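Here's the structure, in structure tokens; my notes come after.
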Amino acid sequence: MTASRRTLMVMAGGTGGHVFPGLAVAHRMEAAGWRVVWLGNPAGMEATLVPKHGIPMEYVRFGGLRGKGLKTKLALPFNLLRACAQSLAALRRVRPDVVLGMGGYITFPAGVMTALSGRPLVLHEQNSIAGLANKVLAKLAKRVLVAFPGALPHAEWTGNPIRAELARTEPPKARYAARSGPLNVLVVGGSLGAAALNEVVPRALALLAPGERPRVVHQAGAKHIDALKANYEAAGFAAGDDVRLVPFIDDMAAAYAAADLVICRSGAMTVSEIAAVGVAALFVPFPYAVDDHQTTNAAFLADAGAAVLVQQRDLSAELLADWLRGQSRASLAAMAERSRSLAKPEATDEVARVCATVAGANLESLQ
């Protein structure tokens with residue numbers, strides 16, 4: 001059977017942390033001549049995003065229990081059986097040679113039915129702490145891949161699949177050496193914004209003398225841009241004071257590459273992207289993440305001296321201002337180089353090769 005006649009089913013949904021790495025692998029497999037079909041939730045972001053990438057979809061309705069009421073919990077057995085039936089029907093329609101599970105609630109019933117139907121399952125865990133579903137599915141999968149070492153026992157450390165442009169960024173040593181003047185700081189609140197960063201960073205900058213202040217690009221989240229502008233104005237900043245406020249950033253590769261320091265949360269993809277580019281980071285983990293996995297994600301780089309980890313409860317304008325005063329471009333460049341050394345820039349190709357191997361395909365098709 002030739003690669004052009006082989007089919008990969010990607011099952012992923014719910015958040016960008018599951019969907020975007022899945023898309024990276026999907027496009028890599030398509031480039032090698034594979035047919036790709038996506039299994040997702042019709043209510044998830046994947047239902048809108050994935051078709052825009054030209055990938056056909058199959059749907060399974062299934063959600064989590066966290067934060068839900070008694071009615072939803074009592075309906076779990078029925079909903080799980082329905083999701084299993086929908087998953088099996090999709091598998092029979094698509095007849096994939098291999099199924100790649102990238103996370104999200106639907107991965108559990110679909111992964112179980114993949115194994116029960118005799119089709120090979122490859123599992124990828126993006127976070128440093130695996131959820132319950134992946135801990136169960138890992139026992140059923142042919143190969144188990146992780147973004148962070150030790151996330152699952154007996155797993156292969158491949159890193160997180162990322163966008164190709166991030167892996168192609170110029171090495172940090174050359175980037176930092178070419179700069180002079182104030183430090184360039186990128187503050188990333190994510191698509192939803194990070195209120196703690198939006199409140200503390202302006203006040204911290206105000207505590208610095210004008211000659212100590214960095215140039216700042218602060219991404220607020222679309223719903224938070226007006227509040228962020230008010231925070232900077234309250235801290236005494238006006239438009240043009242080396243501070244640029246934006247609701248979102250289209251080209252994150254360029255934004256990371258232009259920064260000496262990134263101040264941000266520590267979701268799995270953010271940590272992986274920062275390492276791939278090679279840029280110094282100050283991580284403030286989201287304190288309500290499941291199993292506090294953002295702290296463990298950040299610790300992967302922080303424990304190696306490749307980033308700094310500050311818990312939100314400890315973050316203050318005074319602490320941040322004092323820390324910024326102690327940084328130089330040289331110290332941040334050293335941090336960036338350590339970060340780059342821990343990256344897995346070939347993660348997308350590696351995950352794709354594992355899928356091909358499990359399906360019995362010729363690896364030459366992925367060269």
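We count from 1, first residue shown onward.
Each residue, glycine too, has its Cβ placed from N, Cα and C.
The 10 Å shell around the Cβ of Asn127 (UDP-N-acetyl-alpha-D-glucosamine binding site) contains 26 further Cβ atoms across the protein chains shown. Annotation source Swiss-Prot lists UDP-N-acetyl-alpha-D-glucosamine binding site at Thr15, Gly16, Gly17, Asn127, Arg163, Ser191, Ile249, Gln294.
For Gly16 (UDP-N-acetyl-alpha-D-glucosamine binding site), the count of additional Cβ atoms within 10 Å of its Cβ stands at 15 [all protein chains shown]. For Gln294 (UDP-N-acetyl-alpha-D-glucosamine binding site), other Cβ atoms within 10 Å of its Cβ number 27. Neighbour list (Arg163 (UDP-N-acetyl-alpha-D-glucosamine binding site), Cβ cut-off 8 Å, at least 6 residues apart, same chain): Phe20, Ala24, Ala253, Glu273.
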